[in-house]
Amino acid sequence: MVFRIASSPYTHNQRQTSRIMLLVLIAALPGIAAQTWFFGWGTLFQIVLAAITALVAEAIVLRLRKQSVASHLQDYSALLTGLLLAVSIPPLAPWWMVVLGTGFAIIIAKQLYGGLGQNPFNPAMIGYVVLLISFPVQMTSWLPPYEIAATTPDMLDTLRMIFSGHTASGGDMTLLRIGIDGISQATPLDTFKTSLRAGHSVEQIMQYPIYSGALAGVGWQWVNLAWLVGGVFLLWQKAIRWHIPVSFLLTLALCAALGWLFSPATLASPQLHLLSGATMLGAFFILTDPVTASTTNRGRLIFGALAGVLVWLIRSFGGYPDGVAFAVLLANITVPLIDYYTRPRVYGHRKG
């Protein structure tokens, strides 16, 4: 079997690229607003740090490669990479983590391969996975949504936490993660996985404050719905195609429904999978990256379905509570194979 892969770059029209990237940035506003509302100012500060780091790192590498800095920065791809990484990490993560992750994403995962259009893996997810593997404690230290938080830091305390690790009164992350029940909180997916391992039943877990009166976790369901709104905007503007997000979400829902049907005492419900974690962010903003996703319609359906299966498997049986980043990167590996078998036949040419 011989793979015939068109030569890179795969993104040719800079004006079209800039327009798409700008639309994605605009579409991210509802998700950013929701995360800021439920988890505080840290989301915005992380975005600013990531954006500055992405632009500086991109400019330095472009200068070293003797390429035009201004024209490349105007495609907004560096900003988008920084944004996607920033909204994926905890809002109060130390400043150096977002700088390190964004720098790695731009320099190693993007520019080392030749820049936009030539990277085989999603740069933001490469940066995220590097941080998650290297600093698992910090990367899983999410604040509880303000509705169930015992203490909510203001803007200045948020800055102090990001740059020094303490609030003005001496509080630290351990204190800020305590909920109204006096117990340290985690994300709905993390809570579900760790509680099951501790021997708690699903019925007991669903009584925790993080799930109180919510389909998929207080705050998180609204965050996911906000990213869904942005995704619908992208579909309306034809900035992305429907194949990947639809196949991803349907496959994830199907796997979750079957698992829940046969083992409701140990596996999460479909609504928890669909409306918690990075599900909608991944479906519409990460998996749809035109550079690292499949390029044919049939291939996009397969690519999205594969990612959906992987997310469910990692969440249900893996060591990490979410799994979207790992699923994206594993699916990226299969793109050349998927495209090889799904590329339409060109009539008038015989197979070599």
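Glycine residues also receive a Cβ, built from the backbone N, Cα and C atoms like all the rest.
Ranges compared are 69-91, 161-183, and Swiss-Prot records transmembrane segment for 69-91. At the 8 Å Cβ threshold, with sequence separation of at least 6, the transmembrane segment (69-91) lacks contact with the transmembrane segment (242-262), having fewer than 3 such pairs. The number of other CB atoms found within 10 A of the CB of THR187 (FMN phosphoryl threonine), across every protein chain shown, is 24. The transmembrane segment (215-235) makes contact with the transmembrane segment (20-40), as judged by at least three Cβ pairs under 8 Å among residues 6 or more apart in sequence. It is 267-287 that, among the stretches 123-143, 267-287, 301-321, 322-342, forms the most Cβ pairs under 8 Å with the transmembrane segment (20-40). Long-range neighbours of the transmembrane segment (42-62) within the same chain, counting only residues 6 or more positions beyond its ends whose Cβ lies under 8 Å from a Cβ of the stretch, are 32, 35-36, 68-69, 72-73, 78-79, 81-83, 85-87, 89-93, 95, 98-99, 101-103, 105-107, 110-111, 143, 158-159, 161-162.
For the transmembrane segment (123-143), the partner stretch with the most Cβ pairs below 8 Å, chosen from 267-287, 301-321, 322-342, is 322-342.
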